Each structure stands twice: as C-alpha cells, then as structure tokens.
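Annotated ATP binding site per Swiss-Prot: GLY129, THR130, HIS131, GLY132, LYS133, THR134, THR135, in sequence order, evidence recorded as sequence analysis.
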Amino acid sequence: MTIQHKQDLAQIRAMVPEMRRVKSIHFIGIGGAGMSGIAEVLLNEGYQITGSDIAENAVTERLAQKGAKVYIGHQATNVAEASVVVVSTAINEANPEVKAAREARIPVVRRAEMLAELMRFRHGIAVAGTHGKTTTTALVTQIYSEAGLDPTFVNGGLVKSAGTNARLGSSRILIAEADESDASFLHLQPMVCIVTNIEADHMDTYGGDFETLKQTFIDFLHNLPFYGQAIVCIDDPVIRELIPRISRQVITYGFSEDADVRIENYRQEGQQGKFTVVRKDCEALDITLNIPGRHNALNAAAAIAVATEDEIGDDAILAAMVGTQGTGRRFEHLGEFETGNGNVMLVDDYGHHPTEVDVTIQAARNGWQEKRLVMIFQPHRYSRTRDLYDDFANVLEQVDVLVMLDVYAAGEKAIAGADSRSLCRTIRSRGKIDPIFVADTQQLPEVLANILQEGDLLLAQGAGDIGKVARQLAALELNISNMKAK
C-alpha cells in the first residue's frame, strides 16, 4: 500500500470517526448482491472483511481476490474474530453464526444499518421503489461519474460500465439502492431520495396492509433533512396520491403533463430509447438512452432530475445516457445465435413481479416487432405467486410461447395452488397460449429444440437461478443440434 493510498484511506475513514473501533466486519450471506457491495466498499476502505455463504459464486470469488476471507457454509467459528456481524434479510436468528455472535455479545446489524453508517457523513442519494431501483441507481452513478465526481456507489446489481455492483469513490457522494423488502431502508439518512413507484410487494413485511407500506415510504422520505429533495414519479398513481403528505421539497418526473421533469416523444429503435426531457428553467434535452423500454425512460428521467438539481452539466448527462451499458440481468442481451432451427436472439431479465414482466414484454415487442417472443419464466416465491396470481396470468399470456419452470422457493414452503403447474393450467384455460411446464431444467434443451424458430427472441425471465440457465444456454450458443444429440 502506497503512502498516498494510506492517506486517502485515512481521509475516507475519518468521515466515520467512531468506526475506527471496528477492525473486522463479518458478513453472513456475503455472496448476495446487496451484501457484497457494502463488503467491497468497506474492504476498499481498509477494514478486515470476512464473510460466509452457502455456495461459491462469481461475487465471492471477486471478494476473495480483493482480500476478503470467505467461508463456504455457516459455522460458529467463522465469527470468532469479528468486531461486528452484518446479516442479510435472508438470515434468521437460528443461523449458527448469528447465535455465536449473540452469545459472544458481538453486535449483529442488518445490511441497511451498515449502509447507513457509510452514508452518515456523505452526501447520500438513495434510490427506492418497487421497480427500477437497480437501473436508476446505475444511471445516477453513470452521470456523476461522467461529470468527474467519482462517487461511491452500492447497487443491487452489476453496473456493467463499472464491472461491479459497488465501488469506493474519492468524493463525498454515495449513491445507493434502498431496499424496502424488510423496511430496513428506514435506517438511511440521505440528502436526496428517489422513489420510482409503489406497488404491493413484500407484503408479509407490512402485515399484508398496503396502507402500512405506503406510510413506510412516507417515513423514508421524511428521513430527509428539511433541505433535502424527494424525487418521485408522478405517473405512479400511488405516489401521486401520497405527494400531499410529503413535507419535503418534491420534484416530480414522468410522462405526465404536470411533471417537473417531463418525457416527450418517446420512441424505441431496437435496443435504444429516444425521447426529449423537458425541465423547468433549463434547456430541453434530446436523449438517446442505450437501454430499451418506456420504463427505462422513466428511470433515466429520475437520474436526470437528480443531476439537474445538483447542477451537473448537460454534456455529462447526455454522455451517460448514450454510453450506459445497463445493469446485469436487466434486459441483458446475451447474444444472437445461429441454431439448427435458425437465428435466435437471447435476452436475460431479472423482473419477477407482474409489472416488471409486463414492461419487459412491451420493450421486446416495441423494439423487435417482427420477432416471435418465446419466454422461459421462473416464478419467484410461492407467496408472491399466490398474492399476484391473476396478474401473472394476465401478463404471461401476452407472449407467443411460454415455457414455465418450477417456482424458485427462496426458502419458502410450497403453497397449494400457487405453483407453476396451477399457473400453467389457468393460462391454458383462457385459450390464448398453451404453456409448457418444465419440471427439470435439464429438459430445457430438448424443449427448446422443438419450439425455437428462425427470428425468435428468447427471453429468460425471473429472479431465481434462471439467470444461470440463460448463461448456460448462451455458452452452448443455443446449438439446437447439439442439444438434441444430448
């Protein structure tokens, strides 16, 4: 470590002076997107980082290469040297490392509490909402980076232009995705908040009461100082309803006529969206956004609203929009492959809520109108499938061919009537399409060999391990003849 690097670390750590007492930080579930980002930033700040997870992945390998000690499997001995233990939302009190930390009186904090410490003495920009958080966080980061402001960022997904989901910057700016799934975003004390939209999701956290969820978002916005800014999407009916209850400066964005930052003349040309952004007391911006879909135009407008309020130059905004490479697993183009049945385009997308799936379908339809849309869908969680069952059926019947995998349980027990077979039967009974249920992903090559045609757009959709499946298909280059042989 050079003298200059030591001085830089000292300056950064001086932002949180009381954290100097902390030497070693242990992350349970370190391989998750949200956890790994915080771990990487703290590692780069000079803290000793250890962590555990149930399996190796690319994230744990990268952290290990950077100097973290990563344990595969959870054991009480893993926390022996820890000053503090950070847990993800998926970790409960029965975890042996949590139990050992409690017994040793080692502080156990949630992910958002540690993120709040990173944000406490920085200029925090927090991005919340049911959908679009990861992409919006990446777009804000890209603009500030283009402007030479070198922000720290912690995102819930890969920022492709940076090659990572988190990075320690040299400025006081911290841009972070704020997670409402367990209400832990209430720990954050940002200077600027973005709320992209509010829908009924993660309702177990909120006792099944949508009013409680809405009030929690209001409470989140009221964590802003009195001089802070709430950047909200006025197109969302719930947000529009809540605006009179927000006692902070509100800046709106959207397609609506009364938006402070307004999108006009949107059109999609393949992978790119093109539109004009109209701002009060500023020149209009003609945007070329290098990711498709009206929903991404909204995400871009949120980022532009933040940057405009921070007086970032238009050149940086325009360069960030056209230069963005998007985020991992958000309409990610994995390639076009010449198969035994013809040329097929493969796209991978993380969307797992009906609204997210719907906007992905619309982006595919608008950008590639001549293509037949074949979707491999993996429902995520039985509880979400149960709660949004009819919405899923309504959205999924829009594709031309639907292949459905088993529900990715994410630790949940099966719920009768909320499984993939039931959902397939419901969609089939409506008469528009005939879904194909695939119980074992090993059967996918044979199924695809029988259904793919020249010019198809194959969309792998969901938040479980469907992303790995998509990459396996890409590695095979969708070679249907080889698939049939196997």
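Every residue, even glycine, has its Cβ placed from backbone N, Cα and C.
Here the features listed in Swiss-Prot are placed on the structure.
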residue: GLY129; record: ATP binding site; contacts (Cβ under 8 Å, 6+ apart): THR136, GLU180, ILE194, VAL195, THR196, ASN197, ILE198, CYS233
residue: THR130; record: ATP binding site; contacts (Cβ under 8 Å, 6+ apart): GLU180, THR196, ASN197, ILE198, GLU199, ASP201, HIS353, THR355
residue: HIS131; record: ATP binding site; contacts (Cβ under 8 Å, 6+ apart): THR196, ASN197, GLU199, HIS295, GLY351, HIS353, THR355, GLU356, VAL359
residue: GLY132; record: ATP binding site; contacts (Cβ under 8 Å, 6+ apart): THR196, ASN197, HIS295, ASN296, LEU298, ASN299, ALA302
residue: LYS133; record: ATP binding site; contacts (Cβ under 8 Å, 6+ apart): VAL127, GLY156, GLU177, ALA178, ASP179, THR196
residue: THR134; record: ATP binding site; contacts (Cβ under 8 Å, 6+ apart): ASN155, GLY156, GLY157, GLU177, THR327, ARG330, TYR350
residue: THR135; record: ATP binding site; contacts (Cβ under 8 Å, 6+ apart): ILE291, ASN296, ASN299, GLY326, THR327, ARG330
Centre the Cβ atoms of GLY129, THR130, HIS131, GLY132, LYS133, THR134, THR135, go out 8 Å, and tell me which other residues of that chain have a Cβ in range of the ATP site. VAL127, THR136, THR196, ASN197, ASN299
What does DSSP assign THR130 (ATP binding site), in three states? coil
